[in-house]
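Everything below concerns the one structure shown next.
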Amino acid sequence: NKSRKRRNRESLLGAATVEPPKPIPLTWKTEKPVWVNQWPLPKQKLEALHLLANEQLEKGHIEPSFSPWNSPVFVIQKKSGKWRMLTDLRAVNAVIQPMGPLQPGLPSPAMIPKDWPLIIIDLKDCFFTIPLAEQDCEKFAFTIPAINNKEPATRFQWKVLPQGMLNSPTICQTFVGRALQPVREKFSDCYIIHCIDDILCAAETKDKLIDCYTFLQAEVANAGLAIASDKIQTSTPFHYLGMQIENRKIKPQKIEIRKDTLKTLNDFQKLLGDINWIRPTLGIPTYAMSNLFSILRGDSDLNSKRMLTPEATKEIKLVEEKIQSAQINRIDPLAPLQLLIFATAHSPTGIIIQNTDLVEWSFLPHSTVKTFTLYLDQIATLIGQTRLRIIKLCGNDPDKIVVPLTKEQVRQAFINSGAWKIGLANFVGIIDNHYPKTKIFQFLKLTTWILPKITRREPLENALTVFTDGSSNGKAAYTGPKERVIKTPYQSAQRAELVAVITVLQDFDQPINIISDSAYVVQATRDVETALIKYSMDDQLNQLFNLLQQTVRKRNFPFYITHIRAHTNLPGPLTKANEQADLLVSSALIKAQELHALTHVNAAGLKNKFDVTWKQAKDIVQHCTQCQVLHLPTQEAGVNPRGLCPNALWQMDVTHVPSFGRLSYVHVTVDTYSHFIWATCQTGESTSHVKKHLLSCFAVMGVPEKIKTDNGPGYCSKAFQKFLSQWKISHTTGIPYNSQGQAIVERTNRTLKTQLVKQKEGGDSKECTTPQMQLNLALYTLNFLNIYRNQTTTSAEQHLTGKKNSPHEGKLIWWKDNKNKTWEIGKVITWGRGFACVSPGENQLPVWIPTRHLKFYNEPIRDAKKSTSAETETSQSSTVDSQDEQNGDVRRTDEVAIHQEGRAANLGTTKEADAVSYKISREHKGDTNPREYAACSLDDCINGGKSPYACRSSCS
C-alpha cells in the first residue's frame with residue numbers, strides 16, 4: 001500500500017504542469033528615480049558578491065540592468081561559512097505604498113487538536129520563486145563596484161521578490177495562500193496553519209494526513225513553489241514558530257538570555273518584546289516582571305544607557321526557569337473553553353482552560369492609561385480582552401467565566417460599573433465564582449483589595465464631619481472637632497489638599513465624613529483603595545498617591561468623602577465650615593504681594609484691600625526694589641487751592657515720557673478734590689491734542705466747573721477758550737514761568753512717571769505693550785488701589801462718592817490770619833497733606849490754610865495764644881498721635897517721651913516748657929544741635945509740640 005501510494009504521488013507530481021504565478025504590481029508614491037550610491041567593499045566580500053550574483057543570474061532571479069534606480073548591496077557571512085547577499089532597500093521602501101499585513105499576529109499552536117498527527121514543511125527560497133511585476137523590476141537595481149574603478153561596474157536588477165522589500169511578506173503570503181486554497185477546500189476537516197513560508201498540516205488520522213499532504217505537494221509545485229526536503233517534519237517533537245509541539249503538550253523552545261548585552265533602552269525593549277511574545281505560554285504574571293518593565297522608564301532615546309538591577313536580574317532568572325518548565329495543552333475541538341480570572345497583585349491574571357488543561361495565559365499591560373484604575377475595572381477590561389482572544393482563537397465565546405466575586409458583587413458590578421457592562425456585553429454564558437481544583441494555579445500571588453472595604457459611597461451616620469482645604473502657598477488644613485494647619489513643600493493647591501486628606505485619615509481613628517472643595521482629590525481618594533496607580537515621572541506625586549493608598553488600607557474604620565463647591569454664596573453650615581477651612585490656608589499676604597508685583601500699589605492701598613497689618617503692607621513695599629529706589633520724597637507743606645467737591649477744580653499739564661516714542665506727549669489731568677488722575681498719550685501738545693485729551697477726561701471723570709493750566713500756547717489759544725465756553729468751563733492760568741501755581745499737577749506728573757517706571761522695570765504684567773496700555777495700568781493703580789495719607793478711601797471712591805472721610809472734617813479749629821496776625825475760630829471743610837480748607841463763618845468764602853497755622857479748638861479756652869493746661873495739651877497730643885498712627889507715621893518714641901515730659905512740667909509759659917523740653921532732649925540725645933530737637937514754639941501746636949519733623953520749622 002505504501003509503495004502504491006508513493007508511485008501515485010510521483011505520477012501526480014510528474015503530470016502536473018507548472019504555471020508561472022501572476023505577479024502582483026506595486027503602487028509607487030513617485031516615479032522619480034531613487035539613486036543611492038554603492039559604498040566600497042573589501043576584496044573578500046566583493047569576490048563573494050560576484051559569486052552570489054552569478055548564482056542568482058543563472059537561476060533567473062536577477063538580470064542585467066541600465067536602470068536609473070540604485071540601492072546599495074552587501075554580503076554577510078553565516079555561521080556555516082556561507083555568504084548571503086542583502087540589498088539596502090530603505091530609500092526605495094520610502095516611496096512604496098504599503099499593502100498592509102495579512103496576518104496581524106502569529107497563530108497559536110494550542111488550537112491544534114490533541115493527538116492529531118502532524119506534518120510541517122518549509123518552502124524553499126519562497127521569495128525567490130515569486131516574480132516581480134515587469135514594470136517594477138528596474139526599481140530594484142543594484143551595482144557591483146570595481147576596485148580602483150579599473151573597469152565599469154556591473155549592474156543588475158531583481159526579477160523576484162527581494163528580501164527587505166516593504167511588501168515582500170504580504171505578497172509572499174498572498175501567493176502561498178492562493179496555492180493552499182484548493183487544499184483547504186478539499187480537506188476542510190484538516191487543520192492547516194500557514195505563516196509566511198511555514199506550513200503545518202494536522203488531520204484526525206495518518207491516512208487522511210498523507211492524502212492531504214500529497215495534494216498539498218502538487219498544488220505547491222503547480223504554483224511554482226518548492227518544498228525544502230531537508231526541513232520536512234513528520235515526528236514529535238515538532239518545532240514550529242518558536243514552540244516545541246508534542247502530541248498533547250506545547251513547550252517553548254529552550255533559549256538562553258544573554259545579560260551581558262543589555263546596556264541600552266533598545267536592548268531591554270527587544271528583550272521584553274520577546275518575553276511578552278511567549279508570556280501567554282510561560283504564565284508569568286505582570287507583578288512578577290514589574291522591575292524589568294520599570295527599566296524602560298525615563299529617557300526615550302533608544303541608545304540611552306540602562307542598567308540591570310538586582311531585582312530585574314531575579315525576574316530574568318524566573319523567565320529562564322519558566323522557559324524550562326512551562327507548558328500549555330493542545331485542545332479538544334469538541335470541548336468548550338473557559339476563562340478564569342485570578343485577583344493577583346498589581347493587576348488580575350486571566351487563564352484560558354479546557355476542563356483542567358491550561359490553554360493560554362492572559363495579562364494586562366504593566367502601564368495603564370488612567371492615573372487610577374479600579375481593580376474591578378481591571379477585571380472587566382481583562383475579561384473583554386480575553387473574550388476577544390478566545391473568539392480569535394476558536395471563533396466562539398468562552399462557555400464559562402469564573403471571577404473572584406460573589407453573586408451579589410457581580411450584580412452590583414452590572415449596576416454601578418460601566419467597564420463591567422462593556423467587558424461582559426452580549427455574553428450569554430455562565431458567570432461563576434467556583435474555581436477548578438488543580439495545583440497549577442497555586443503559585444499565583446493573590447490580593448484581597450478587589451472591592452473597597454474602608455471607602456464608602458454614602459455618608460456615614462453618627463460620624464464626625466471634617467472639612468479640608470489646601471492652598472498654593474503650601475498650607476494644608478482641616479477643621480471640624482479640632483483645627484490643624486500643616487505646612488507642606490508643595491506649591492500646588494491640589495497636592496496640599498491631598499496632604500490635608502491624608503492627615504485627616506491619620507489623625508481620626510474613627511468613622512468620619514470628609515468634605516473637600518477639590519474634585520480631583522475627592523475622586524482620587526475614592527478610588528485609591530483598590531486602584532492600580534499609574535507611574536508618573538513626578539516623584540512627589542508618586543509618593544503622595546502611594547502614601548494615600550497605604551493610609552487608606554491601614555485604617556480600621558470606614559470613611560466617606562465628598563466634594564463641595566468653594567466660594568459660593570449658598571446658605572447653610574456646610575458652606576460656612578468650608579469657608580472656615582479656606583481661611584486657615586488662604587494667605588491675604590500672598591495675594592497682596594501678587595497685586596503689588598503687578599501694580600506697585602502703595603502700602604495704604606494694600607492694607608485697605610487685604611486683611612494685612614500696617615507692618616506687612618509696608619514690608620511688601622519696602623522689599624520691592626523698584627518702589628524702594630523710586631520712592632518719592634516728602635513734599636514740603638504748602639497751600640494750593642483745591643476743589644471742595646469732585647469736578648470743582650482740575651489742574652492740567654503736559655509731561656513727556658521719551659520711552660513712548662512718537663506718543664511721548666502725555667496729557668495729565670488731576671481733580672484737586674479727589675486726586676483722581678486721567679492721562680492720554682498724544683503725538684503733540686497743540687489745542688487739538690488738548691481737546692482730544694479733555695473729551696477723554698469727560699468720559700471718565702465728568703465735566704469740571706473750572707480748569708487751571710499753565711500759560712502754554714495750547715491752553716491760551718482762542719480755539720481752546722471757545723471749546724471751554726461750549727462746555728461751560730471757566731479757565732485760569734498760573735503765574736508764567738512759575739510751576740508752584742501748578743504744584744498739584746506737577747506732583748501728579750512725577751507720581752505718574754514713577755509708577756510707569758516701577759511697572760515697566762519691576763512689574764509682572766507682560767501684556768502691557770503699547771504706551772496707552774502702560775498708562776492705563778498705572779492709572780488703575782493710582783486711582784483704584786492707592787490710598788494716600790490722611791485719607792481712608794481711594795481716589796476713585798472719593799471722586800465717585802464725593803466723600804473723603806478725613807477724620808478732621810467738621811471739627812472746630814483755630815486758624816491764624818497772617819494779615820491781621822490774629823487767631824480766628826473756623827470749621828474744617830477738608831483736611832489734606834500739609835493744608836486744610838477752613839470755613840471762617842457763615843456767608844464767608846473758605847480759606848486755604850497751611851496746617852502749621854492751625855490748631856484744634858478745645859473747650860474751655862482761656863487764651864488763644866497760651867496753652868490751657870498740660871492735661872488739655874496732652875489730650876490734644878494723643879488725639880493727633882492716634883491720627884498720625886492711622887496714617888502710617890513712624891514716630892521716635894524716645895523723642896515723644898522727652899517732649900511730653902517737657903510739656904507736663906506745668907510751667908507758666910510755653911517758652912519755658914520748650915526750654916525744658918529742649919534741655920532734656922539734648923541731655924537725652926547727647927547732641928548739641930538745637931534745630932533738630934527743639935520743640936515747636938507754638939502753644940497748642942497741631943503736632944502736640946512734640947514732633948519737630950512734622951513742623952519742620954517754628955509754627956509761629
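Placement of Cβ uses the backbone N, Cα and C atoms for every residue, glycine included.
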*Under Swiss-Prot, which of the candidate ranges 161-164, 453-456, 725-728 is annotated motif 'LPQG'?*
161-164
_I'm validating the feature mapping. Which of 195-198, 207-210, 403-406 is tagged motif 'YXDD' in Swiss-Prot?_
195-198
*Swiss-Prot has GLU497, ASP517 down as binding Mg(2+) 1; which of ASP469, ASP538, ASP539 does it also list for that site?*
ASP469
*Taking just the CA atoms, what is the gap between HIS596 (Zn(2+) binding site) and ASP469 (Mg(2+) 2 binding site) in Å?*
26
_Whole-number mean of pLDDT values that fall within the domain 'Integrase catalytic' (642-803)_ = 87
_From ASP469, CYS624, CYS627: binding-site residues whose CA lies within 10 A of ASP517 (Mg(2+) 1 binding site)_ = ASP469
_Structural state of CYS627 (Zn(2+) binding site), classified by DSSP into three states_ = helix
*Have a look around GLU497 (Mg(2+) 1 binding site) and count the other CB atoms within 10 A of its CB, chains all included.*
29
*Pairwise CA distance, CYS624 (Zn(2+) binding site) versus ASP469 (Mg(2+) 2 binding site), rounded so that it is a whole Å*: 30
*Enter the number of other CB atoms within 10 angstroms of the CB of ASP469 (Mg(2+) 2 binding site).*
28
*Out of ASP469, HIS600, CYS627, the binding-site residues in the record, which is closest to GLU497 (Mg(2+) 1 binding site) when you go by Cα distance?*
ASP469
*Taking DSSP three-state, what's ASP517 (Mg(2+) 1 binding site) in: helix, strand or coil?*
coil
*Quick one: pull the CA-CA distance for ASP469 (Mg(2+) 2 binding site) versus HIS600 (Zn(2+) binding site), whole Å only.*
30
